[in-house]
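Notes follow once the structure below has been shown.
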């Protein structure tokens, strides 16, 4: 989604630069910046570059305008002396002039977005703000364009903060200097400033949120102490509710392996964790774009190296989640009703059953989701000392679009609030309509197969049609956009990538896989698989998975293979899902060998069970590590980005554990305590309800049986 969406940088003091917490000498920094300036025309060449003389000419001309306030004119007159003062770093002076730009407005939030954000970093750095001191010369980075005509240019200026109220006039003046032929009004503008007017600890709402979090942590400590003192055997409802928040109880559930390995799909332990790591790595490599100076070298290295497609094609991790979600839902549902028990089997008119079906899903995903949404919106997005990139800053967008996320509708709109959570809304929609596939398969294998395969085919057709009509590439091209395709990846994201009817194929494949595995498990005598069948299955699945991941190379290179591009874009996600389906099938039916042993390794269980909360919070650490590192980053090797990924993963798991202890597991415990009807005594052992779950989630009774997760 809008991955290059957060502006954040390491500040430079007017007395010396602070880069990621380490101070460097002005001479060293100047030497580096001199090299960067020499390369600046070639870097981010999609935006025009303007030298210092042109920028200062604009500043000094603006200072004479009578239609600006006196405070603004005074601030403008102080810019040149400030930049040339001996106490001002050379880097600040260079960054100030480099932040001025023009570029195609239609690609402002898409192909060129990372370079616009990079220019914003430069402007904010030129002010010399630090986390502990205000600048005497605060800056605003302002940009604007004409929304009606996408063929016009967008413009950015770095102006003193006293001129913020006049930013529209100054943008128009800048346009009149650099693009005299354009006369249409600049009707969309926005600014971000070098420092919040008040820091988060000076505002009541973030303080309230912070205080509530501390109280929640204290409550968990009290519940844990109570658990150690009294144990599990408590009689009263208040005591049982208190135990629902016990860290001892909930952390223990992270490590609980199911007693019956056949009651769950143990290979999902490893698959879920690997899919989460893959997602974080991909997002980290995307966010790095806005922080890297030699960004063309970075993009070329990722795109031109054939084997780097495991990074550039990382969005397939979402399809892994979708497959796992559909598989767990179907397997647990059919396994329950294939058992001989005394509970009436649901039908289309079993309204009470389906209400409980949906209620349980909401209890599983809502508490952690709402907790994260509030934490990110109310506090985490404004914790840094300066504002973020406005187009997708949660602090700006979520107060307007929060309801789309709360009701799982964000993927049906433009996905403005916490854009990485589009998957949760899309997968919830699939869960809502899943009874169609479940009941059709239960009634008749042929009818169910027809409904499932027909749905997959229709979804594939939607993809084909959209690619042809809009000239979209086969998948999201976030690093480089070949000229043969529509370069607007945000349009692709909003109109195709996140929409449910384009992405349902892997989920339905998972439903069919779960159905088959449930019936396979029921058979007293398992069918024999010949060595040829096993070898052939592994070979075909490996080849299909390899092609799905690495087959995007011709499209990335812009080769003139129009039929191939359409075919790949139409089926590669379904092909990848089928390859993973074989993997799950082989591991669960005894032909997985060492692959199953690795994926089912019990020590991966807690990491897997935390995946849902990790997904919800992981982009905060992704931004954080780039905020505290030296700016700009000079790219030399992918290992420097992988180092960020490791730190981001560790921080994500720590924050996810807090989310799990405060919201996710307590909600599941309370649901089981208050809403689950008592089990009916019977001579036949019933199968515990192991509700389907988003791939990133953990089941309440069996953390594996509730495999779900999220993107």
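Here the Cβ of each residue, glycine as well, is placed from N, Cα and C on the backbone.
Note on TrEMBL: of 232-256, 532-556, the range annotated with the feature transmembrane segment is 532-556.
Of the given residue ranges 183-204, 205-226, 337-358, 447-468, TrEMBL assigns the label transmembrane segment to 447-468. The transmembrane segment annotation in TrEMBL falls on one of the ranges 386-410, 611-635, namely 611-635. For the ranges 576-599, 672-695, the feature annotated in TrEMBL as transmembrane segment maps to 576-599.
Panel annotation: around the transmembrane segment (447-468), residues 436-437, 440-441, 474, 495-496, 501-505, 508-509, 511-512, 515, 565-566, 569-571, 574 of the same chain, lying at least six beyond its termini, place a Cβ under 8 Å from a Cβ of the stretch. Same-chain residues lying 6 or more positions outside the transmembrane segment (362-382) and placing a CB less than 8 Å from one of its CB atoms are 196, 200, 203, 205-206, 209-210, 213, 388, 393-395, 398-399, 402, 405-406, 417-418, 421, 424, 428, 612-613, 616-617, 620, 659-660, 662-664, 666-668, 671, 675, 691, 693-694, 697, 706, 708, 710. Looking at 269-291, 576-599, 641-663, the range that has the most CB pairs within less than 8 A of the transmembrane segment (311-334) turns out to be 269-291. Residues 213, 216-217, 220, 245, 247, 250-251, 254, 277, 280-281, 284-285, 288, 367-368, 370-372, 607, 610, 613-614, 616-618, 620-622, 624-626, 629 of the same chain lie 6+ residues outside the transmembrane segment (641-663) yet bring a C-beta within less than 8 angstroms of a C-beta in it.
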